[in-house]
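Now, the feature entries from TrEMBL:
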TRANSMEM  B:12-30  transmembrane segment
DOMAIN    B:97-313  domain 'ABC transmembrane type-1'
TRANSMEM  B:103-125  transmembrane segment
TRANSMEM  B:137-157  transmembrane segment
TRANSMEM  B:185-204  transmembrane segment
TRANSMEM  B:245-270  transmembrane segment
TRANSMEM  B:290-316  transmembrane segment
Amino acid sequence: MLLAVRDLTVALPIGGRLVPIVESVSFTLGAREILGIVGESGSGKSVTSLAIMGLIDVPGARISGSVRFRGRELVGLAPRAYRALRGREIAMIFQDPMTAFTPVYTVGRQIDEQIRAHQKISRSDARARTVRLLGDMGVPDPERVAGRYPHQLSGGLRQRAMIAMALSCNPALLIADEPTTALDVTVQAQILDLLRGLRRDYGSSVLLITHDMGVVAETCDRTLVLYSGLVAERGPTGALFAQPGHPYTAALLDSIPPLHGPRPARLPSIPGSPPAPAGRPAGCPFAPRCAYVHDSCAVRPPLVACGEQDVACVLPAEGRPLPPRFVAEMSA
Amino acid sequence: MVMSVLRRLGQTLFVLFGISVLVFLVFFATPGADPTARIAGRNASPETMARVRVEYGFDRPLPVQYARMMEKLFVTRDLTSYVNRGQKVVPEILEAAPVTVSLVSGAALIWVVLSVAMGVTAAALRGGWVDRGLMMLGLVGISIPVFWLGQVVNLVTQSRYHDSWLFSWVPGLGYVPLTEDPLGWFRALALPWLTLAVLFVGIYSRVLRADLVAVQSEDFMRTARAKGLSPMRVLLVHGLRTSMITFVSLFGLDFAQLVGGGALLTEVVFGLQGVGRLTYQALSNLDLPLIMATVMYSAVFVVIANAVVDMLYLFLDPRVRDGR
Ligand SMILES: Nc1ncnc2c1ncn2[C@@H]1O[C@H](COP(=O)(O)OP(=O)(O)OP(=O)(O)O)[C@@H](O)[C@H]1O
Ligand code: SF4
Ligand SMILES: [Mg+2]
């Protein structure tokens with residue numbers, strides 16, 4: 001197992017007290033696997049990934065649980081050891097490629113910098129590698145692009161450069177935090193293609209963070225659904241799409257526009273909004289918005305197996321799981 | 001690039017022209033006051049008055065008067081003072097300028113080096129006692145009046161402890177030209193430099209620390225950390241380099257106003273005959289030719305400094321280079 005996260009809890013100080021933003025999140029990621037983490041805005045996707053990267057630098061933050069990467073415990077790892085890992089074995093790409101590059105240096109220089117931070121290699125060798133990487137990422141005229149400043153490139157090119165930078169040291173794990181959200185649809189498809197190709201060409205595993213169920217369906221082997229900092233459901237993407245076990249997952253699936261056929265006039269959206277981390281209810285966090293809410297939901301439901309998935313809902317255990325969905329055209 | 005430099009140069013000349021017209025109008029074309037009488041002196045004979053009037057063109061239309069004034073300022077350079085009759089104004093400024101430039105450049109070097117060191121250290125050790133101590137020190141520096149500080153420095157180094165080993169090297173007040181005696185120049189200016197720099201060390205270190213802390217939350221800083229760079233490298237190569245853009249614009253303004261005469265108090269305490277003091281004298285004597293000349297001098301400096309800052313921007317920020 002490449003990455004095994006168990007009971008990861010990240011508590012940040014808000015208004016003078018520690019509030020668990022992410023609570024008891026567990027999942028595993030195998031070699032060459034793509035795991036999707038989905039959830040609405042504020043569900044703790046970024047916090048989870050930053051915790052894995054050891055990049056939570058809020059003073060007073062507390063991270064507990066276990067993150068094992070290649071058998072090595074990362075929670076509590078010394079900063080120096082973490083630094084050697086970051087960028088080399090675990091790399092990350094961010095949502096907005098415009099602001100993710102330092103504006104005053106050329107893209108090539110920033111990629112060279114990462115290579116040279118981890119390997120003793122000459123400037124010109126680093127640049128040669130940079131140019132090759134950019135070319136591999138489908139950047140036309142990579143030599144010229146390497147000499148350009150971030151603002152001189154289009155969003156798609158910048159994100160390709162970002163991915164090239166992340167891959168520059170051949171990381172075993174790539175964390176992509178909403179890599180396509182800031183891009184237009186065609187470019188989005190190209191970048192997803194690129195990510196899918198990584199496991200073949202680079203042998204990398206990918207943790208793909210998104211709030212787009214469509215992206216998950218097209219890209220991910222397995223899926224983790226987060227709701228308000230808690231795991232709502234996790235399992236193989238196909239099974240999860242065919243028969244979601246959690247009402248929240250089902251609601252998310254209902255909100256995907258169909259790929260084929262007539263578009264409905266309005267997509268059903270989930271009424272209400274998720275609770276803030278500080279105001280999470282004691283029972284099931286989804287209860288205020290759930291159509292199936294009943295008395296036993298007042299106790300926080302543990303993750304239980306349901307089909308191929310694990311689901312944090314009382315319904316399967318009570319013998320009335322959600323009905324399967326028609327997914328004939330969904331599986332891409 | 002060349003085009004934008006040229007365009008900037010054109011703007012600079014235009015601004016200077018505007019300032020000179022304005023200053024001329026304010027001081028020499030005020031209705032009801034006849035500058036001829038003042039230039040010619042109190043008990044001047046009618047012949048002298050007539051000669052001055054012709055020489056300065058006060059009997060001709062305003063544009064001619066303006067042109068004459070500029071000619072006397074920049075071409076023949078024989079504009080004479082009202083107060084010290086016969087004293088040529090332009091050489092006086094040319095003599096005062098090196099004093100001020102020496103004073104301000106040295107102080108600027110000190111305050112840039114110290115404030116960068118303090119700001120970076122404080123930002124790197126954010127929240128700790130070193131940070132708090134340095135920022136308190138900065139606040140103290142900001143709140144000490146430079147005139148008072150200068151007096152105290154003089155009291156200590158010129159009289160009270162002058163004979164101790166610590167301060168026996170301090171020469172008497174006044175300026176020593178660099179070309180005559182470099183070591184003497186350095187000794188004469190060392191304390192004025194430090195005194196003038198104190199305020200700016202305070203301001204700049206606090207501004208830089210705030211900028212560095214603010215830049216920490218930028219996406220690109222997170223990227224830099226995600227690349228596995230050391231905290232120092234992230235702070236200096238990515239944070240400081242980006243924060244330098246505001247630092248430089250602040251510096252350009254302060255440097256220009258100081259060279260243009262803003263270092264008056266320091267010049268007075270340390271007995272340096274610089275531009276600030278000259279401007280002060282001109283203003284208190286209502287010495288119009290000297291005022292005209294010093295204001296033009298300051299304007300030239302402020303405008304040049306602005307142009308230099310703009311060039312530095314081009315160099316520091318590629319986004320500006322592309323005109324975005
Ligand atoms: N530094 C912080 N201090 C306090 N609260 C924070 C901090 N960072 C994040 N949070 C809170 O943690 C919660 C989860 O944030 P996170 O950024 O992980 O959400 P997300 O799932 O990535 O959302 P999005 O889709 O908008 O990126 C949010 O409620 C947010 O307000
Ligand atoms: S536990 Fe209850 S409230 Fe929560 S999702 Fe299941 S049915 Fe809905
Ligand atoms: Mg996020």
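Here the Cβ of each residue, glycine as well, is placed from N, Cα and C on the backbone.
Note: the stretches the transmembrane segment (B:185-204) and the transmembrane segment (B:12-30) are not in contact (fewer than 3 CB pairs below 8 A, sequence gap of 6 or more). Long-range contacts of the transmembrane segment (B:103-125) within the same chain, counting only residues at least 6 positions beyond its ends with a Cβ under 8 Å from a Cβ of the stretch, are 131, 134-135, 137-138, 189-190, 192-194, 196-197, 200-201, 203-209, 211-213, 216, 231-232, 235-236, 239-240, 251, 255, 258-259, 263, 266-267, 272, 274. Distant neighbours of the transmembrane segment (B:137-157): 118, 167, 170, 173, 191-192, 194-196, 198-199, 201-203, 205-206, 265-266, 268-270; these residues of the same chain sit at least 6 beyond its ends, with a Cβ under 8 Å from one of its Cβ atoms.
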